[in-house]
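Peer 1: Take a look at what Swiss-Prot says about it:
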- Y235: active site, proton donor (ACT_SITE)
- V189, C190, V191, R197, N198, G199, V200, G201, Y202, N228, E229, A230, Y235: acetyl-CoA binding site (BINDING)
- 75-267: domain 'N-acetyltransferase' (DOMAIN)
- 1-65: transit peptide (TRANSIT)
Amino acid sequence: MAFLCSSLPSSSSIAIFGDPNTDGSSRSYLSIPSLKLRFRPVAASSHICAPAIDKSTFVISESVSEDELWAAACLRVRTFNELNPSAYNIQDHRRYLAEREFEALKERTSGKREGFTRVACINATLPLSQLSSSFEDLCSACKFSDGIEDRVVVGSLDLNQCRWLPDEIAGTKPEGIGVDFARAYLSNVCVAKELHRNGVGYKLIDKSKRVAGEWGITDMYVHVTVDNEAAKSLYMKSGFEQETAEPAWQARYLNRPQRLLLWLALPTSPIMSM
């Protein structure tokens with residue numbers, strides 16, 4: 001399936017498996033300072049054969065280096081934008097988009113983006129040695145070094161601790177003082193098309209739950225377009241349930257498919273409940 005590439009702005013959650021972009025086309029907005037967050041929903045993709053991957057070599061972790069952030073930005077550009085390979089200066093355009101996403105990602109994860117308490121870029125990576133020559137394009141675009149070996153970012157999402165995401169439906173939980181620190185949203189969820197059907201989306205969401213719990217988050221949200229059945233299935237199987245739907249007039253005004261807001265209650269840690 002084509003992964004949602006969730007919006008942070010890349011849609012909140014819509015990006016995990018590549019739904020069309022947030023405006024209803026097959027692309028999705030980059031999450032950059034001047035643009036809204038992007039989400040790409042998961043879309044089924046039956047024509048892609050899942051490669052044989054040693055799943056024990058997956059590492060799901062928060063990005064800790066600029067090299068890894070750059071690789072994640074390149075994966076998002078590759079996932080959220082349908083670019084004609086034969087177009088003039090296509091490589092220059094891809095790099096331009098990646099640079100914008102990279103700078104926006106650095107701004108968010110460093111705590112400099114107004115309105116966000118904290119943002120983590122969570123990536124799924126594989127050793128370069130695990131990927132065959134048939135993955136040359138992916139490896140070339142999304143490779144980085146962790147200081148020990150070369151690895152490739154094959155999935156990514158943002159965990160955003162904030163009240164709401166720009167131009168998106170806001171969650172209602174928790175209420176009261178907790179809204180300032182205990183609510184989070186997933187966005188820019190994406191998985192390389194070559195690695196679909198390897199459980200990467202579930203691994204990313206599971207990791208985001210653990211990180212959110214460490215932050216004291218009690219309520220996690222994600223957005224998904226109403227017709228993205230694959231994305232909804234992914235989130236529902238991960239424990240999310242529908243809280244509300246975007247008003248049709250708002251979707252028309254923003255010139256995009258109508259979205260659903262999904263909610264997940266996270267267990268309260270013993271320390272938090274004392």
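Backbone N, Cα and C atoms are what each Cβ position is placed from, and that goes for glycine too.
Give me the lay of the land around each of these features.
Peer 2: Its Cβ placed at the centre, Y235 (active site, proton donor) has 31 other Cβ atoms within 10 Å.
A helical conformation is recorded for V200 (acetyl-CoA binding site) in the three-state DSSP classification.
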Peer 1: Looking only at C-alpha atoms, tell me how far E229 (acetyl-CoA binding site) is from Y235 (active site, proton donor), rounded to the nearest Å.
Peer 2: 10
Peer 1: Given Y202 (acetyl-CoA binding site) and Y235 (active site, proton donor), what distance in Å do their CA atoms have, once rounded to a whole number?
Peer 2: 9
Peer 1: Hey, does DSSP put V191 (acetyl-CoA binding site) in a helix, a strand, or just coil?
Peer 2: strand
Peer 1: Would you count the other C-beta atoms found within 10 angstroms of the C-beta of Y202 (acetyl-CoA binding site) for me?
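Peer 2: Within a 10 Å radius of the Cβ of Y202 (acetyl-CoA binding site) lie 13 other Cβ atoms.
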Peer 1: Among the binding-site residues listed here, V191, V200, which has the most company in the form of other Cβ atoms within 10 Å of its Cβ?
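Peer 2: Sorting the candidates by Cβ neighbours within 10 Å, the top entry is V191.
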Peer 1: Rounded to the nearest Å, what's the C-alpha distance separating V200 (acetyl-CoA binding site) and Y235 (active site, proton donor)? Just drop the number here, would you?
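Peer 2: Just about 13 Å between their Cα atoms.
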